[in-house]
Amino acid sequence: MPDMILAADGFKSGFVTLVGRPNAGKSTLLNALMGKKIAITSNTAQTTRHRFRAVLTREGFQMIIVDTPGLHKPHDALGEELNTSALKALEDVDVAAMLIDSSKPIGRGDEWVAAQLRGCRSRKICVLSKVDLATPDQIAAQREAAEGLAEWDAMVALSAETGYNVDAFAEEVVYLLPEGPAWFPPDMETDQPIEVVVAEFIREKILRTFHDEVPHAIGVALNEMEYDRKKDLYRIFAVIYVERDSQKGIIIGKRGAAIKRIGIEARADLEQLLGCRVFLDLSVKVKKNWRRDASQIRRFGYGEGA
Ligand SMILES: Nc1nc2c(ncn2[C@@H]2O[C@H](COP(=O)(O)OP(=O)(O)OP(=O)(O)O)[C@@H](O)[C@H]2O)c(=O)[nH]1
């Protein structure tokens, strides 16, 4: 990275959080802002489990992005954990950006998220997401409806998928950030340990392969991850935890076909992430009710205090 002035008159820095109901497009926007894949995405709602920090440093600013899990009404212990961390993320951020899917009518979920936002002190940006899926009339109507939800400092209609207006969104965020120095080194892009990112990448492949068949019933733990310097190769041994024998069967598939495909896809992504060859060993274990036990959730590395 070239020399960069990281503390000077006019340098801006601060914390930004992306909120919105599950599937609104928060992780995709985070990846689009970063210009690379950092967060996992999928069609299954509530994909994001970690309070995740990404750091974007450019000439004149540093934004630290907290990608919150979708705010929603909890229905099990995992849900409660997610809600608590989402609400915590709203405190003490400089800018909160609420994503509203342009292609879907505003619903009670959006209203609920907006109500949480109204009470917080941060500056607020309304993001109308996924405009590539909506007609101009739909977007105009959404804009009008969204205006009544909170007192917005700015409103941006964008598509994280095509990249349309992602830069405009970044500019609005920077405009609203306070002046301050860079808090992190400019080449640092995430504060997650690499093991967590690796486990999340594997989980993403499973969610994408099975959609709603095994939605929240899986957790991924790494038993071992070691780098072989001589061979320039990572050896990764991961365990996929499920709640029931039937789920184990689904994940393994006929004669191991499903888990083999997951392994191949995850390995391709991991080789890109780690910049070297990867040997990936996946196994599946049944652990009943792990989702209902909050201490277990922490042990798996999800939620607060992980
Ligand atoms: N067409 C289109 N699809 C998008 C866009 N942004 C996100 N998506 C898709 O919408 C789905 C949900 O996106 P995510 O980024 O995972 O949503 P999220 O808000 O992080 O979801 P949670 O983790 O459940 O809170 C994924 O299938 C994305 O590919 C967009 O701008 N255009």
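Cβ coordinates come from backbone N, Cα and C, glycine included.
What TrEMBL says about a protein is an automatic prediction, not a curated fact.
The domain 'Era-type G' annotation in TrEMBL covers 12-179.
As annotated by TrEMBL, region 'G1' applies to 20-27.
The GTP binding site annotation in TrEMBL covers 20-27, 67-71, 129-132. Under the DSSP three-state reduction, Gly20 (GTP binding site) is assigned to coil, being neither helix nor strand.
For 46-50, the entry in TrEMBL reads region 'G2'.
This prediction places the mean pLDDT of the region 'G3' (67-70) at 55. Here TrEMBL flags 67-70 as region 'G3'.
The feature region 'G4' is assigned by TrEMBL to 129-132. Counting residues per DSSP class in helix, strand and coil order gives 2 helix, 1 strand, 1 coil for the region 'G4' (129-132).
According to TrEMBL, the domain 'KH type-2' annotation covers 210-288.
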Filtered binding-site residues, from Asn23, Lys26, Val131, whose Cβ is under 6 Å from an atom of ligand 1: Asn23, Lys26
Cβ atoms near Val131 (GTP binding site) (within 10 Å, other residues, all chains): 24
Residues of the domain 'KH type-2' (210-288) by DSSP state, where helix covers H, G and I: 30 helix, 30 strand, 19 coil
